Amino acid sequence: MSPRVVVTGTDTGIGKTVFSAALVGALDGVYWKPVQAGLDEETDRDTVLRLSGLPAERMLPEAYRLNTPASPHLAAEIDGVTIDPAKLALPQHDRPLVVEGAGGLLTPLTRSVSYIDVIASWHAPVVLCARTTLGTINHSLLSIEALRARDIELLGIAFIGEAHAESENIIAAMGQVRRLGRLPHLASLTTDSLKAAFADAFNIGDFFKDATA
């Protein structure tokens, strides 16, 4: 089976999509966003296509495309749709698969199912993306605890934003988690600038470590 990794985050709007674009590009893989909520502007799949440098056929179609930019459970209800977790099984592919979640781990997909419930069913390793700004310590440690409470493999934490060594170090130490690196905010966000920033900050060997053993 080809390597698979799930990219999740401590919150919405922290940079998971940009990180996913960098990761899938570095792995020369395929990208999948199971549930897209909000279609009026550039979707996350569109963003990854634009930034990853990969061809369009590497962007797998979403299982659900919902019109309203809201929590998936609410966006689905507005559209008159019920998200069926059984339809969110990981796709099989001969290339590395990068899966991007929506919002944070406990973001509801239905009135009774959260994203973390589906992630647990995938049995795939997770990368947790976190901000470096005020509040990230609590959010990060809570997310780490939630993953471990469900026996979800955590590859490590990827920080996004300006350097804040103390926050990054205390999260890694108290959470007993690998610090994978930090992706800075880029003044000019292009395929080339993102590729260079990711290569400078991360060791691709830290991802899919089991697959290369």
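Note that Cβ sites are derived from N, Cα and C of the backbone, with glycine treated the same way.
Noted in Swiss-Prot for the protein shown:
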ACT_SITE  Lys33  active site
BINDING   Gly13, Ile14, Gly15, Lys16, Thr17, Val18, Glu100, Gly101, Ala102, Gly103, Pro184, His185, Leu186  ATP binding site
BINDING   Thr17, Glu100  Mg(2+) binding site
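Cβ environment of Lys33 (active site): Thr43, Asp44, Arg45, Val48, Glu62, Val99, Glu100, Ala102 lie under 8 Å away, each six or more residues apart in the same chain.
Site extent for ATP: the farthest pair of Cα atoms among Gly13, Ile14, Gly15, Lys16, Thr17, Val18, Glu100, Gly101, Ala102, Gly103, Pro184, His185, Leu186 sits 22 Å apart. The 10 Å shell around the Cβ of Ala102 (ATP binding site) contains 23 further Cβ atoms across the protein chains shown. In the structure as shown, the Cβ atom of Gly15 (ATP binding site) sits within 10 Å of 18 other Cβ atoms. Remark: of the binding-site residues Gly13, Pro184, the most isolated position is Gly13 (fewest other Cβ atoms within 10 Å of its Cβ). Long-range neighbours of Leu186 (ATP binding site) (same chain, six or more residues apart, CB within less than 8 Å of its CB): Ser193, Leu194, Ala197.
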